[in-house]
Amino acid sequence: MAGILAWFWNERFWLPHNVTWADLKNTDEATFPQAEDLYLAFPLAFCIFMVRLIFERFVAKPCAIALNIQANGPQIAQPNAILEKVFTAITKHPDEKRLEGLSKQLDWDVRSIQRWFRQRCNQEKPSTLRKFCESMWRFSFSLYVFTYGVRFLKKTPWLWNTRHCWYNYPYQPLTTDLHYYYILELSFYWSLMFSQFTDIKRKDFGIMFLHHLVAIFLISFSYVNNMARVGTLVLCLHDSADVLLEAAKMANYAKFQKICDLLFVMFAMVFITTRLGIFPLWVLNTTLFESWEIVGPYPSWWVFNLLLLLIQGLNCFWSYLIVKIACKAISKGKAGKWNPLHVSKDDRSDIESSSDEEDSEPPGKSPHTATTTNGTSGTNGYLLTGSCSVDD
């Protein structure tokens, strides 16, 4: 075990040339990031999760009820052991041949069986009340952490001149505000990693899981080798669009359509500007070129930049989805109402594993052949996004 730890914490991987871990030990004069600080994220992630439960129960739910958002679930399908076995073990969307076989076996007409499968799919969909509560929690936390990040960064020199991220690196002391900001963000992503398995299932589950995993690794990695200054720029930049996305979702669930449309347009503009403009031209420029000039490359420098490029790849993917949604909305607006969050259920965000197209189309027919007008699409940049996320 000692040999494994020595290999993992090899100074020539983590630190620039001629720098050792002993040089970064805490002293009376200065405090530096320590790997053991990251353990604080686990109890704090649990606390964030508990605060979320309390918030959704005693704050978000009363707000939803005040906005006349009901918790009424979909119509329950008639109990039937044979159809239930087919639904759970074989397919949720039987083709015409299977429908005819079930019709003969049960002495039901085909339309009744199709209706049963639609109702059964609907049973697994969350209520609008639950979706509103989840979005309100994410909106509130994103607003808090983004506001804190802006207030913290506007007092730092590296916000105005990114070369300060690398001056005197890695001998940059860790301030209390920076430590709190980093651990809070890391704890939030850990809470999302675990709650994602109990949250509303969406079609981009795999992408968001990868996003959260990369975000946790990137935050932890940059903390250990004291790249926290540029890390704060990445975090704050990617938090900027999340607030607008969750606000647009809440407006959609409350049926404030004009507000929803306006917020979506604002979200799309902020997301694309920050992720495809500011992030590569400002952040990647300093991590790739300014750091090369001031500090020089070393092994963990390459890993850090590869992770940032992976994040940029996710940003491009989500930006593509946003543009796709906007184009469909514009096309649809020529014949009807502009409704950017209601254009396509094939794209992203509030699309559960059993989407509305699947419920409204007869089984055996591809959901992509239908144009739907209910539900929400968007992106989360928890990026780190959703983020996106927005979650980033």
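Here the Cβ of each residue, glycine as well, is placed from N, Cα and C on the backbone.
The feature transmembrane segment is assigned by TrEMBL to 38-55, 179-198, 205-224, 260-282, 302-323. Positions annotated as domain 'Homeobox' by TrEMBL: 83-127. What TrEMBL records for 85-128 is DNA-binding region. Annotation comment: TrEMBL describes 130-331 as domain 'TLC'. The region 'Disordered' feature in TrEMBL is assigned to 344-392. Positions annotated as compositional bias 'Low complexity' by TrEMBL: 369-392.
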The domain 'Homeobox' (83-127) [mean pLDDT, rounded to integer]: 87
Residues in the DNA-binding region (85-128) grouped by DSSP into helix, strand and remaining coil: 31 helix, 0 strand, 13 coil
